[in-house]
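*Asks:* If you scroll down you'll find the structure; I have some questions about it.
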Amino acid sequence: MAHLDSDVKEECLREDLKFYFMNPCEKYRARHQIPWKLGLQILKIVMVTTQLVRFGLSNQMVVAFKEENTVAFKHLFLKGYSGTDEDDYSCSVYTQEDAYESIFFAINQYHHLKNISLGTLSYGENEDNRTGLKVCKQHYKKGAMFPSNDTLNIDSDIEVDCVHLDLSKDPQDWKNLSFFRLEFYRLLEVEISFRLKGIDLQTIHSRELPDCYVFQNTITFDNKAHSGKIKIYFDSDAKIEECKDLNISGSIQKNTQYVLVFDAFVIVICLASLILCTRSIVLALRLRKRFLNFFLEKYKRRVCNTDQWEFINGWYVLVIISDLMTIIGSILKMEIKAKNLTNYDLCSILLGTSTLFVWVGVIRYLGYFQAYNVLILTMQASLPKVLRFCACAGMIYLGYTFCGWIVLGPYHDKFEDLNTVAECLFSLVNGDDMFATFAEIQQKSVLVWLFSRLYLYSFISLFIYMILSLFIALITDSYDTIKKYQQNGFPETDLQEFLKECSSKEKYQKESSGFLSCVCCLRR
């Protein structure tokens, strides 16, 4: 009787295992189980993508409004602005007269803003709840300089003086303040900061509620180099705030309600998907425990780790992460739509990443067909070798990055900082912009010019002809191995042999698990 119960228990376990590793179509033919998760994933792809596109179009208007206002501010407050930034700064001046005129031009334009601006702008309050301009200057504490005698006497301590310019005064009166008598040989920086408020009315055309903005603008006259050139920087930090009193008639409110209902439906779909996938993982862990106990009891040995990991479906984990991000992102989107929150960036990251995971998850269902399964198997097989290879190649890459930054930085724009150097070298690996990188090196130093040739030729030769070729060879080798196993059969693991015993007439083979487990789980 005990032996009979053991056989029944073993057969039941084998059937449960076999059913667990079936695809949705096989499960439906075996037990007529409706593939709810498959249907939900298809519906979720449509819903999440539609939601992302709608949010992207709305976010695009926000970005356009910020960028266009920044351009308008530069034309309004920067004297002689050409419409194109000179470098990382907007424009520059070379004489004391031009410096004074640029400073007072910005002040005068601010004072007459309502009469000259085409936008929906008004004055905003600064940090101290005062309306107006705040002008600060940084300069060395004291000093004297006589270049003709090579004489310098200066106190390197930096003083910061600030003045608040009220709108009630005439801008002409401000010119007479002693604050604006600048000693340029001591001057380091002049900073003009002010806040403006605006309303984005273009959203009304898209049947959305308008956003209210606060622009924190800063004009910086940088004289730290004391090279005879003062660089003028303009920075505008736009923040969206909740509008205090919106009274808009028409169909906008009704359209907003429809969008909120749609977002709520997306949350419900993702919540159902989350529950079903979590339930599948819990059932899989219970099934794994049953299998481990049975295997240890019958064969007196433990199942290898790779077979144990076969019960943890990575696609379900990916779907759960995607569902959580979609739910949180949809809640943020609803709050933004209702104008209770203004964090577009966080919402964009959550919705964008979740949509990426949803579409990547489609590969799982294509993997059920052998013709489409090659990509997944090749990626899984080559990933460990590729990561180890990249770790070694990364050391060489970092070495070239630091070397190029310290040697070529003073002579080449693309090597000025570490981030730019890394991006430049990555472009060279892909064969982009090679001639410009060679040609733009300044020939002020023959030694550095010769070093740059040796540096660039060695990097390109090493990474394109050797490292990149080896990288491709690793993936190609994994692909060839997969094709060979598909033709001759994959090595069988303990789990597969156990399932194969179910019936001599039935053939069960799980290709992906067979290849990934062949190293540690072959029967000996």
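Along the chain as shown, residues are numbered 1 onward.
Just so you know, glycine gets a Cβ as well, placed from its N, Cα and C.
Relevant sequence annotations retrieved from TrEMBL are reproduced here:
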type: DOMAIN; residues: 62-244; note: domain 'Mucolipin extracytosolic'
type: DOMAIN; residues: 347-482; note: domain 'Polycystin cation channel PKD1/PKD2'
type: TRANSMEM; residues: 258-287; note: transmembrane segment
type: TRANSMEM; residues: 308-328; note: transmembrane segment
type: TRANSMEM; residues: 348-366; note: transmembrane segment
type: TRANSMEM; residues: 386-408; note: transmembrane segment
type: TRANSMEM; residues: 454-475; note: transmembrane segment
*Asks:* Checking distant contacts: for the transmembrane segment (348-366), what same-chain residues at least six beyond its ends satisfy Cβ-Cβ under 8 A?
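*Replies:* Counting only partners 6 or more residues beyond its ends, the transmembrane segment (348-366) has Cβ contacts under 8 Å with 24, 38, 41, 44-45, 48-49, 51-52, 55, 59, 315, 318-319, 321-323, 325-326, 328-330, 332-333, 372-373, 375-376.
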*Asks:* By Cβ distance under 8 Å, which residues at least 6 away from the ends of the transmembrane segment (454-475) in the same chain are close to it?
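*Replies:* Cβ under 8 Å, 6 or more out: 378, 382, 385-386, 389-390, 393, 396-397, 400, 403-404, 407-408, 425, 428-429, 431, 434, 437-438.
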*Asks:* What average pLDDT is reported by the model for the domain 'Polycystin cation channel PKD1/PKD2' (347-482)?
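*Replies:* Mean model confidence (pLDDT) across the domain 'Polycystin cation channel PKD1/PKD2' (347-482) is 87.
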*Asks:* Please indicate, using numbers and ranges, the residues of the same chain that are 6 or more beyond the transmembrane segment (258-287) and have a C-beta under 8 Å from a C-beta there.
*Replies:* 16-17, 20, 36-37, 40-41, 43-44, 47-48, 50-51, 54, 311-313, 316-317, 319-320, 322-324, 326-327, 330-331, 333-334, 337-338
*Asks:* Would you mind splitting the domain 'Polycystin cation channel PKD1/PKD2' (347-482) into helix, strand and coil residue counts from DSSP?
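*Replies:* Counting residues by DSSP class gives 117 helix, 0 strand, 19 coil.
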